[in-house]
């Protein structure tokens with residue numbers, strides 16, 4: 001075992017120990033604890049839990065590398081995955097918290113109709129499942145790379161720990177482990193970033209100092225025949241950058257596992273403040289990521305430029321074994337770099353670098369000590385597990401609370417409800433393990449589009465349900481289906497999924513960006529159909545009226 | 001709940017005893033929300049996407065300005081927007097007497 005592996009093992013075992021201890025401390029006895037953590041989570045803690053819930057294996061491991069290769073257009077992820085919190089805070093969180101029940105489908109069920117609730121529950125399960133499979137696989141990859149445990153074993157270990165706290169503690173256990181996981185992942189992300197920034201510029205604040213290397217990076221990019229790093233719209237046309245950013249924003253605000261985290265605060269006021277804390281905690285990583293991307297890109301290009309293939313830096317050799325870095329067999333010196341396996345296979349580049357390596361190997365590329373490399377392993381696992389747990393809760397609550405008790409077992413006692421919810425959670429974990437180890441081929445493609453689907457289904461009807469009393473069930477059903485069908489059709493038209501062939505993008509709009517148009521379709525259809533049919537009942541309109549006010553009005557007495 | 005609860009200004013909550021206050025409260029909420037969303041759009045989609053190339057002509061501390069808005073500035077702005085919203089809504093809730101009595105202090 002190498003020194004890095006020993007440190008990785010130490011940090012992983014320590015952090016898992018903490019998660020299991022927390023699980024034991026937060027066992028629950030009631031469904032209110034299981035689904036919404038007794039609605040008793042302080043705003044700051046909930047903010048940290050949202051941040052961990054939100055930042056997945058992809059945010060932690062892949063994003064910086066993705067930005068490094070996209071350059072300026074990496075902003076689609078940076079803005080897209082943070083701007084949605086403004087929409088959540090202003091348009092959804094306080095009102096859904098005031099209404100105060102257990103799930104997202106339950107809200108649309110009360111507001112519109114039971115049909116809308118069932119459709120939403122099924123969509124929530126599909127979106128969450130495609131997403132959770134990626135987390136499981138991500139966790140397995142961390143195990144495989146840092147500890148040389150086979151990926152299947154890694155997935156099983158991570159899932160066993162999630163199983164412990166999610167089944168016994170439900171939302172309560174998940175919340176407090178997410179707080180711990182946020183701490184682990186942010187420390188693991190920031191320490192190497194500070195160190196790299198300090199080494200390269202003398203200023204240890206990456207957000208400020210990466211401006212100093214942008215000129216150098218632009219020059220290096222030019223030498224490699226790449227586009228200017230700071231030049232906008234080199235990776236995607238402007239209209240597509242606009243639409244993808246918007247789709248990611250409204251998709252974020254429409255994802256059930258993010259929304260339900262705001263059900264757990266103590267009050268409406270708490271939900272607003274916890275949205276603030278959530279974004280502060282997320283921004284710590286999201287403002288650091290572009291700096292990490294830029295620094296590592298400079299180090300990488302600088303380290304390999306014009307080098308003979310047998311004189312490349314040590315990290316190239318270390319990571320070649322994992323398949324994340326490949327050197328072309330026909331090249332003698334390195335003059336071109338790509339992150340695209342197809343380009344590399346066609347012999348158009350001397351070096352292939354996987355996006356993930358920029359975070360995983362950045363401590364090594366910058367020559368940082370072994371404990372820090374080990375810490376990155378624990379951070380990657382924390383990011384994957386916290387997101388997986390939040391998604392599994394959505395699946396479990398949709399299956400038990402929104403479907404099973406309504407269609408099968410109407411009069412279940414409290415004890416029985418808790419039991420069934422636990423079984424649903426346990427089964428969801430097992431299915432997730434299976435697909436984590438054997439990911440279906442289409443998942444990798446579909447997961448990126450979960451946002452488009454959430455954007456075009458949930459977000460418009462939630463916002464209209466809250467802000468427009470006239471919106472009714474017929475409108476919501478038609479709007480959701482129209483948005484879903486439109487968005488899914490375009491995705492299938494432009495992608496090779498389920499055996500279809502990929503067609504050209506229409507007007508430069510990529511399948512990632514189509515969710516924005518899908519959301520507009522949903523919005524328009526909901527409004528038109530609502531106006532053409534009868535308004536909702538008095539009771540429903542009164543409910544919409546009531547969620548506007550955080551509490552009963554306090555009259556001053558004469 | 002004591003009988004002498006007052007709004008910060010010391011008078012009874014505005015809007016009168018009937019439900020007229022509801023419209024007033026809601027209108028103020030919407031006005032704040034729309035103002036914040038205009039800033040949200042202007043900074044992220046405006047400075048970060050629509051006018052990014054023009055702004056890139058200006059370089060500050062090594063950052064082309066449009067690039068900075070797209071990768072840094074918009075995120076800081078989002079935080080400030082939610083902060084302003086949370087503070088202003090706390091104030092509005094108190095003014096209209098609809099604040100929650102069992103507090104969950106955001107900053108405490």
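Along the chain as shown, residues are numbered 1 onward.
Glycine is treated like the rest: Cβ placed from N, Cα and C.
Automatic prediction, not curation, is the source of TrEMBL annotations.
Under the heading transmembrane segment, TrEMBL lists A:6-24, A:44-70, A:76-96, A:116-137, A:149-167, A:179-197, A:241-263, A:275-295, A:372-397, A:443-467, A:474-493, A:513-533 (among others).
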Would you mind listing the long-range same-chain contacts of the transmembrane segment (A:513-533), meaning Cβ under 8 Å and 6+ residues beyond its ends? 240, 242-244, 246-247, 250-251, 449, 451-457, 459-461, 464, 468, 470-472, 474-476, 478-480, 482-484, 486-487, 490-491
Between the stretches A:76-96, A:116-137, A:241-263, A:275-295, A:372-397, which one has more Cβ pairs under 8 Å with the transmembrane segment (A:474-493) than any other? A:116-137
Does the transmembrane segment (A:6-24) make contact with the transmembrane segment (A:179-197) through 3 or more Cβ pairs under 8 Å, each pair 6 or more apart in sequence? yes
With Cβ-Cβ distances below 8 Å as the criterion, list the same-chain residues six or more beyond the ends of the transmembrane segment (A:149-167) that contact it, or say none. 16, 19-20, 22-23, 26, 136-137, 139-143, 173-174, 177, 381, 384-385, 388-389, 392-393, 396, 422, 425-426, 429, 432-433, 436-437
Let me check one thing: do the transmembrane segment (A:76-96) and the transmembrane segment (A:116-137) come into contact, meaning three or more Cβ pairs under 8 Å with sequence separation of at least 6? no
Same chain, outside the transmembrane segment (A:275-295) by at least 6, Cβ under 8 Å from its Cβ: which residues? 43-44, 46-48, 50-51, 54-55, 59-60, 63-68, 74, 78, 81-82, 85-86, 88-89, 93, 182, 185-186, 189-190, 192-193, 196-197, 200, 206-207, 209-210, 213-214, 217, 229, 261-262, 358-359, 362, 366
Answer yes if the transmembrane segment (A:179-197) and the transmembrane segment (A:372-397) have at least three CB pairs under 8 Å among residue pairs 6 or more apart in sequence, and no otherwise. yes
